[in-house]
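Take a look at what Swiss-Prot says about it:
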REGION    83-119  region 'Disordered'
COMPBIAS  87-101  compositional bias 'Low complexity'
TRANSMEM  126-146  transmembrane segment
TRANSMEM  239-259  transmembrane segment
BINDING   V298, A299, T340, G341, K342, T343, L344, H479  ATP binding site
BINDING   H561, H565, D638  Zn(2+) binding site
ACT_SITE  E562  active site
REGION    752-773  region 'Disordered'
COMPBIAS  761-773  compositional bias 'Pro residues'
Amino acid sequence: MRNPFLTFRAPTRKTGDYLVSKFVKKDNFSSLRLARAYTFSTRSTAVSQFSLLSLSQRSFQSLKINKGIPEKHKIPLISSKQFSVTSKRSQNGSSGSNSDANGRKNGQKNDDSKKKGLNGNDPKKVFEIALNGNTILGGILVAYILYNVLSPNANMQEITWQDFRQQFLDKGLVERLVVVNRNMVRVILRGGVASGSGQYYFSIGSIDSFDRKLEDAQRQLGIPPSEFVPVAYHDEVSVLATLLSFAPTLLIIGSVIYLSRRASGAAGGGQGGIFGIGKSRAKMFNHETDIKIKFADVAGVDEAKEEIMEFVKFLKNPKFYERLGAKIPRGAILSGPPGTGKTLLAKATAGEANVPFLSVSGSEFLEMFVGVGPSRVRDLFATARKNAPCIIFIDEIDAIGKARGRGGQFGSNDERESTLNQLLVEMDGFTSSEHIVVFAGTNRPDVLDPALLRPGRFDRQITIDRPDIGGREQIFKVHLKHIKAADNIDLIAKRLAVLTSGFTGADIMNVCNEGALIAARSNSNEVQMVHFEQAIERVTAGLEKKSRVLSPEEKNTVAHHEAGHAVAGWFMEYVDPLLKVSIIPRAQALGYASYLPKDQYLMSRGQILDQMGMALAGRVSEEIFFGPEKITSGASDDFQKVTRMAQAYVTQYGMSPTVGTIAYPIDTRETVQKPFSEATAQMIDEEIRKLVKHAYERTKKLLLEHKQGLENIAQRLLQKEVITYNEVETILGPRPYAYKHLNISELMRQSEYKNDHDPRNPPIPPSPQQPSA
């Protein structure tokens, strides 16, 4: 059945023509119902809406008359009572309302709209004030009215002393004067005196001066002292002035509240505003939260993952452990170098656990206000108890967990220590809970308070170290899943794991991402091994500076410097395998030699001496070929490495026969007094100097023996800029000390195609071994 009702907005000429042609002349409807009136603008007020209603009525009456509608077609206009007054800004509005029959047909829908209010909006939000022209004008009007009402001088006219004397005092119209607040005189005229303003006042500088002038003026007028104009003195408190005096304070308080609300809103946690500053900023995750990281995404830290999974299993099924009398540890600290996966493990725990997971940073407990830290700790654990069983993760706990009393020589740590004390109480105090587990992450477990590490609080300390070659291979496989690689992922991961000794999980993720970016930059459809190798160089050595042009003299010096490193490393026994030598500037370095260190946890005396000799080989080569007068500053970084190794050799490893097996701290910045005598310090300095000198002379002797081979390496570098292990082997011959842990020749043969595609490396025939000098 067709709907017999027509809904339209406020009538226009086009609307009237349509009604007359389609309905009125055909006698197809009997009445018009104006259900609602809207202005569809920001100036929507009751006055404008009722004005629109009147306009609509007049328009319909004019429509019926002007269109020549017969008397029998006179149509009554029925005005509905469904009007709503709103000051809320409306952009779209509504097109009218249905008739009674249509309303009965859609009764439930209309009821819902009534509950929501006008236009379906929430009635609680109807009276939001919009910042527009009417609002500003209304505010100015209200301020003006308040000023007139509250200001005592608002209805008074200010005059000068001359006006006062000529118009009032000389004519004898002044009944009395009132000195207000010692700076203003109010003129009270005699009764019956007609004046334009009614009341007048003038300002004075001082009361004594005013009294003298008034007395002199009255004497000049011949007024006897007994008939002088009486003067009264009193103080008045202006309501407006009082309010204005509080205005700066109120403005500051309002600004603080506004900024705190914005800050809390941006943080997305805790109660808004300054009144919620003691609330915890922890974010809660549960099984309904979209966390995509799972334990399957964490690789290379199998032992730590197993420890964490044990906590999760206990919270999921505590009865399995309790039947054996076991108690879950209260907490665990995840420690290790940056980028090893501490926070990633916590994210995986949040993604796997079916219990609530609260995550917070240690720095979020500390604010500029006293007492905020302990309050947030209490609120954090109160939230955890409400959601028990629950897991709490505090990242960078060393921000609040440093040992008490440290660093207090130059300032107070009361607030941080109070926060730490509250954390200790919450973890193992009278109100502690057995179903709350606390995880914490830190890079510096050595600075934490012993009370925090004792059993009953953080029972377990899980150290997450840099992954070994097997761990790196697993991590590469995880990240290579999302990359379109040219070769088999397992083969790529195995090779890259060998090339990235000492890399953390974050470094490996960066290498994979950089490799994909390099492939995209070169318009490649797939990521090849050469792209990953370039990414490793990008991460370890820095960005290649092709725009940095060296002079021929500088380039020759850099080539001989890097050739010295390569030759020394080739003929020294305990040196890491050489992969590549380059004189292309990268980052702050003008050249570099790339080595392949193995996973090693102990260093012998011979290894330290060989490492020192190889680091000094660059300076030694410059001295051999250019003389002592032309050595450069390019070896400054090498000297720093050598000095650190020599200091550790003498003061930490106990390898110096003179100093003996005694450990001395070299870094004494945190202490005022050195823990050893001046004689001991002098002996340490002398031993370090002797050790470095011995390494220098030993390296110089080695390079002089292979001077011709060094020169050949330098010339090849000047020709090609980059040479690899196989080319060095072609020039210098087989290495005297074979690498036992891997086959370098086979490893480098897998990437020989790289040199074939590099325009800097044209193919060259192998040359016979050069005779040694």
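Cβ from N, Cα, C; glycine included.
For each listed feature, how buried is it and what is near it?
In the three-state DSSP assignment, the secondary structure recorded for G341 (ATP binding site) is coil.
Residues near D638 (Zn(2+) binding site) in space but far in sequence (CB under 8 A, at least 6 apart, same chain), listed by position: A615, L616, G618, R619. Secondary structure at D638 (Zn(2+) binding site), as computed by DSSP, is helix.
Same-chain residues at least 6 positions away in sequence with a Cβ under 8 Å from that of E562 (active site) are, in sequence order, V581, S582, I583, G591, Y592, A593, G618, A714, L717.
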Same chain only, sequence gap of 6 or more: which residues have a CB within under 8 Å of the CB of K342 (ATP binding site)?
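Listed in sequence order: L334, S335, G336, D395, G441, T442, I464.
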Taking the centroid of the Cβ atoms of H561, H565, D638 as the Zn(2+) site, which other residues of that chain lie with their Cβ within 8 Å of it, listed in sequence order?
E562, G564, A593, A615, L616, A617, G618, R619, S621, G634, A635
Helix, strand or coil by DSSP: which one applies to A299 (ATP binding site)?
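Assignment for A299 (ATP binding site) reads coil.
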If one looks at the chain holding L344 (ATP binding site), which residues at least 6 apart in sequence have a CB under 8 angstroms from its CB?
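Non-local contacts for L344 (ATP binding site): I293, D297, V298, G505.
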Let me check the 10 A CB neighbour count of H565 (Zn(2+) binding site). How many other CB atoms are there?
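Result for H565 (Zn(2+) binding site): 25 other Cβ atoms within 10 Å.
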What kind of secondary structure is H561 (Zn(2+) binding site) part of, going by DSSP in three states?
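In three-state terms, H561 (Zn(2+) binding site) counts as helix.
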Taking just the CA atoms, what is the gap between H561 (Zn(2+) binding site) and T340 (ATP binding site) in Å?
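Between the Cα atoms of H561 (Zn(2+) binding site) and T340 (ATP binding site), the distance comes to 35 Å.
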In Å, rounded, how far does the Cα of T340 (ATP binding site) sit from the Cα of H565 (Zn(2+) binding site)?
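Per the Cα atoms, T340 (ATP binding site) and H565 (Zn(2+) binding site) stand 31 Å apart.
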Least buried of the binding-site residues H479, H561, going by other Cβ atoms within 10 Å?
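Among the binding-site residues H479, H561, the lowest count of other Cβ atoms within 10 Å belongs to H479.
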